[in-house]
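Asks: Structure below; questions to follow.
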Amino acid sequence: MDSKRENEGPDNPTFHMDEKVIGQLSGQPKRHDAKNHQDDPDRNKPTYCVTDVPAWYLCIFLAIQHYLTAFGGIISIPLILSEGLCLQHDSLTQSLLINTIFFVSGLCTLLQVTLGVRLPILQGGTFALVTPAMAMLSMPDWKCPAWTQNASLVNTSSPEFVEVWQSRLRTLQGSIMAASVLQVLVGFSGLIGFLMRFIGPLTIAPTVSLIGLSLYDSAGDKAGSHWGISAMTAVLIILFSQYLRLIPIPLPVYSKSKKLHTSNFFMFQTMPILLGLAVSWLACYLLTIYDVLPKDSAAYGHLARTDVKGNVVSEASWFRVPYPGQWGVPTVNLAAVFGMLAGIICSMAESVGDYHACARLSGAPPPPDHAINRGIGIEGVGSLLAGAFGTGNGTTSFSENVAALGITKVGSRTVILLSGVFMILMGVFGKIGAVFATIPTPVIGGMFIIMFGVITAAGISNLQVKQKKKFYHFAESVVLMTFYSSQYVDMNSSRNIFVFGFSLFSALVIPNWIMKNPGYLQTGTKGERGLLAWNKVHLEGSINSMVSEEVYDFPFGITTSLQSQSWIRYVPFCPRKSGDPEKKQENTDAFQSTRV
């Protein structure tokens with residue numbers, strides 16, 4: 001780490017940057033032309049590289065931002081698993097699972113940054129293990145008893161109920177621990193590093209991109225709980241990170257050399273996600289206390305209220321340290337182990353892609369084989385610990401936080417270390433973590449649309465070519481079209497990655513949500529839109545006309561010869577039989593109904 005930079009306090013790049021950037025901010029004319037600015041290699045470099053150490057107070061703010069970025073993804077895993085574990089009506093146990101997964105995620109983050117791949121990459125729960133876990137819990141032997149679905153029949157402190165959910169969780173624990181041994185062996189044996197010799201951009205790009213694309217359904221569900229709040233969150237993050245990032249905020253600071261003075265702090269560049277979440281959270285709080293948002297849990301927009309999860313704060317304990325075997329001795333189910341193995345393999349592939357994306361965004365060189373070996377091995381150890389502690393899940397590199405590096409341009413691993421410490425504290429002090437659980441669902445959804453879009457574009461940017469070459473592009477292949485366009489677009493630009501990723505991801509999220517929720521879009525009744533009156537006029541003209549519809553037939557008897565063919569009814573521009581009595585009766589009945 002750079003001890004000189006660490007001791008500079010307020011005199012750090014985030015406050016003063018370099019002379020070229022200061023010239024931009026102060027309105028001074030630049031000494032190089034626009035072409036040089038566009039091709040400037042320093043334009044997309046991170047403000048803090050992997051070995052840099054920001055000032056202590058800046059580290060705290062940035063670490064909180066990374067914690068909040070991972071919060072939505074981490075907390076959603078135990079909430080999803082709670083249904084399969086029969087814990088829908090036991091919010092206290094859900095809170096304990098949340099504390100446990102945060103504690104283990106923080107512990108694994110410290111291991112990864114210090115002993116693993118040593119990149120600024122945060123560890124958290126993996127959705128690759130959620131699918132096999134829910135598949136196991138949906139089997140007939142593990143399906144929840146009917147009485148656990150009725151809140152009035154559930155006594156959360158009864159031994160019978162405790163055994164119901166703990167027996168299922170212990171089976172998940174043992175199966176995850178058995179499957180994680182494979183990841184430990186693959187990593188520390190060097191097998192993953194050997195395989196990386198055959199893995200290039202065409203492997204890494206779709207792997208990283210699919211990490212983001214695979215989550216569009218989850219992002220849409222969260223954002224769709226209130227599109228207005230989600231859009232506000234997304235717009236605020238875009239505004240702060242893309243348009244206000246070079247606007248300095250003067251703050252009073254003190255240093256031994258300059259005493260008390262003001263210095264420029266580029267707040268919008270370093271904390272756009274945190275600021276976007278905070279403003280949207282505050283807006284939801286105001287809309288809640290003034291009852292603008294509906295109180296009915298079935299009404300649209302209810303999940304935007306900040307008091308939806310208010311009972312979590314009152315029920316959470318002040319201090320509790322999770323420990324291995326807290327739910328009992330883990331057990332193993334062979335079928336579940338094979339399912340978890342599939343999830344572990346997917347998780348390893350995603351993590352390798354995350355390592356490369358993280359190195360790219362933090363100013364580090366591509367990770368060598370030995371670093372990848374350690375990273376995968378430590379992730380295996382992390383999944384082993386997660387199984388022992390009883391999170392019901394494993395651990396993996398968190399893609400959302402990799403995307404945050406590209407937006408904030410802060411790639412310091414010291415910040416991620418401090419984030420790990422915060423997650424451990426949040427896992428120990430249940431009340432503090434429970435407060436953050438009140439972040440409304442649509443706020444998290446708006447953040448996800450930005451985060452997952454950046455991940456998708458960052459993966460595709462690995463396909464960029466250095467030289468312009470002849471290329472045959474096929475319109476049916478999105479990847480080939482993107483590869484073709486990347487010859488002309490600078491995909492090292494964080495702005496271009498942001499624009500491309502957000503456009504692509506939102507184009508998947510919004511139509512998918514509309515198809516899943518067609519009832520939410522009510523454009524008006526037929527009467528309001530004038531369709532009934534229009535049909536009435538049309539039928540009146542058809543029935544009371546002086547001539548029949550034969551006036552529209554083909555000439556020279558063509559219509560008569562075609563009417564004998566059965567397929568003619570499927571040709572939209574060919575006339576049908578005009579003397580059909582059933583058709584006339586249908587028109588008459590429709591006309592009478594409109595008059596009534």
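Placement of Cβ uses the backbone N, Cα and C atoms for every residue, glycine included.
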Asks: Which residue range, 224-244, 371-391, is the one TrEMBL calls transmembrane segment?
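Replies: Going through 224-244, 371-391 one by one, TrEMBL gives transmembrane segment for 224-244.
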Asks: State the non-local partners of the transmembrane segment (327-346) in its own chain: residues 6+ outside its ends, Cβ under 8 Å from one of its Cβ atoms.
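Replies: Residues 126, 128-129, 131-133, 135-136, 139, 166-167, 169-180, 182-183, 380, 383, 387-388, 390, 394.
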Asks: Per the 3+ Cβ pairs under 8 Å rule, pairs at least 6 apart in sequence, do the transmembrane segment (443-464) and the transmembrane segment (415-437) touch?
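Replies: These two segments do not touch.
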Asks: Using a cut-off of under 8 Å between C-beta atoms, tell me which stretch among 96-115, 224-244, 265-290, 495-514 contacts the transmembrane segment (415-437) the most.
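Replies: Checked against 96-115, 224-244, 265-290, 495-514; highest Cβ contact count belongs to 96-115.
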